[in-house]
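Copied over from Swiss-Prot, here are the features:
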- 18-261: domain 'tr-type G' (DOMAIN)
- 27-34, 93-97, 147-150: GTP binding site (BINDING)
- His602: diphthamide (MOD_RES)
Amino acid sequence: MVKFKQTSEVLKIMGNIEQIRNIGITAHVDHGKTTLSDTLLSAAGLISEKIAGQALALDYLDVEQKRQMTVKAANASLYHEYKGKPYLINLIDTPGHVDFQSKTIRALRVIDGAIVVVDAVEGVMTQTEMYLRVALEERVRPVLFINKIDRLIKELRLSPTEIQQRLVQIVRDVNTLIATYADKEFQKAWLLDPMKGQVAFGSARDRWGLTIPLVQQKGIKFSDIVDVYTRGKEAVAELQKTAPLHEAILDMVVKHIPNPREAQRYRIPKIWHGDPNHEIVKYLMEADPNGPLVMLINDIRVDPHAGLVATGRIYSGTLRPGEEVWLVNARVPQRVLQVSLYMGPYRELADEITAGNIAAALGLEKARSGETVVSMKYKDTMTPFEKLKMITESVVTVAIEPKNPQQTTKLIDALYKLHLEDPSLIVKINEETGEYLLSGVGTLHIEIALTLLKDLYGLEVVTSPPVIVYRETIRDRSQVFEGKSPNKHNKFYISVTPLNEETLRLLSEGIIMEDMDARERAKILREQAGWDADEARRIMAIDENLNILIDMTTGVQYLREVKDTIIQGFRLAMREGPLAMEPVRGVKVVLHDAVIHEDPAHRGPAQIFPAVRNAIFAGFLTARPTILEPILKLDIRSPMEYIGNISSVITKKRGKLIEVQQMETTARVIAEIPVSESFDIADMLRNVTAGKAIWGQEFSRWAPVPENMLMDLIAKIRTRKGLKPEPPKPEDFLSP
């Protein structure tokens, strides 16, 4: 068993930061990420060579093996020797499918380099671009692997010259993205130069790979590779020996991806926005193993035997069992019970793991992904790492119940665990019907969650057909309305206004947040979104669906005592709007004045909540309310002759073509369609292009539903929720 020998060697190298690399593999779905990971794992001796490529060692969930796609981001530590020196490479495999983006984005936070895998036939696709963009925003340095060269030879029958032209084009496309999205100081430095060995090409399935320096060193020509495939299997096996894939890739990683200390010097200012003069900064910038512990959790797993396993990167200090640590976001102390490193799907115990490494900890039961863990000494002064920007939203929902009603408690527990592991799976209980609602990024996301319920927890469930999650908003400003509490002793005077596009952008990109410095926030809103100085200073709350509550009152007695209750009332009103009980988005709620009863017994939540809600809803219904629907962006590649057919499918689906680009042999269509029209789009595109189209999709934006469909849609949503079809009128919320 190589593995045991390896664990001891791996632990030895962990203490030497120059010999560590933290990398991820990102790509569009099906471009060959997991096959590449397997080859790397087999070379590092974690699974036998015979089954690498078929083993899909990192795809260790049954679901992943069956569907041939990665659902979770898995970790493994690899061992590689370069120029006689041993290196430890922490590898994170990430899903390529758009429905699992949140996992990929969380993985990008803890790595310093990304191997971008591109299929030589399909070229750069939507998810390639999207993940590369996020990687560059996180200051993760890319290198490139152009995969499936065998397809260029066997399927497209390209000549050696044409193969080279295709590779040059892909490198050019990736470099264009780097020049577009990288921070200014890295735009030139990070451009990929094949001559320096920053681009590898090969076949992950056939397990061979080369870089230009290796080609020159081994004296291999493109015509030799074409020749190998004409000679058959034995020649391919020979090529595996002459040009093993792991050698090309891992050499490229060691040479061109920075070690954790080098990377943290330029990544910390980007991902951690604490006080630059805080003494902890010097430890973070140097990844100092003797400094205080600072760890960022990027992944939570529920192990049936061990309980909650929190995996993350140690940015400073050393993680040891028995130590008490502080969770900055959860604001609780926890004791680390066990520390381990990953080897494929297995955790190997360690006495300690030092800065720069990826580690797994048991005992941090209250940790969630995105949590910052710090030594107790800094519990009051540590700023958490920046929140991760998620590109997608969970917009598809199913109602779910166990086939066997006695398993309800088991279902609640299982759903809670699934949400822990994947925070973009959202679980809610419908108070009216008692149903459990599960929301995900797309239908596939939900299907996989249901399969996991069955496979991991033995739960058979019944689900409703998928429904789309909408948002409610307004298009005009309302006048001020009075909301009275049921006992008539408290009154709130409130108006509502739509937030402008610039404010929504600042909120959705996480530039403006509820818990940031109020002066800095006011300055950004004034300068970038044209806010009035007074309003910008007086923000009381910002909720998760991008609504803002502002306090413009002066001298109202007892307001401070009920401030938290008012904020709760605002949040509740925004959670379910008046039109169809869907979440509200993009509304500024202004409190102008209030009358509050002096006796606390008469101003509890049961009085304040309805008063605040009624004033907001009355204003909302007079301000040209509407429903927003989620829109998908499609990126379709297809032979030129099918463009007409594709265009008519898009139009039929209430979509619109944004651009059509002609490429060498194919056309690229960028289009948008509503999520509600997308459930059968895959079959339709296949039918009209004789199966020759390939496409990717991502969440694009929220857009108002066409006016001629609005009332009908509101009635449908309300009926589905067991409400009467007509929405309420403003008068329904105004007390006489």
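A Cβ is built for glycine as well, from the same backbone N, Cα and C atoms used for every other residue.
Cα of His602 (diphthamide) to Cα of Lys33 (GTP binding site): a distance of 62 Å.
Across the domain 'tr-type G' (18-261), the model assigns an average pLDDT of 81.
Counting other Cβ atoms within 10 Å of each Cβ, the recorded positions Lys33, His602 show the lowest value at His602.
In the shown protein chains, 28 other C-beta atoms lie within 10 A of the C-beta of Ala27 (GTP binding site). In the three-state DSSP reading, Asp30 (GTP binding site) counts as coil. Taking all protein chains in view, 27 other C-beta atoms sit within 10 angstroms of the C-beta of Ile149 (GTP binding site).
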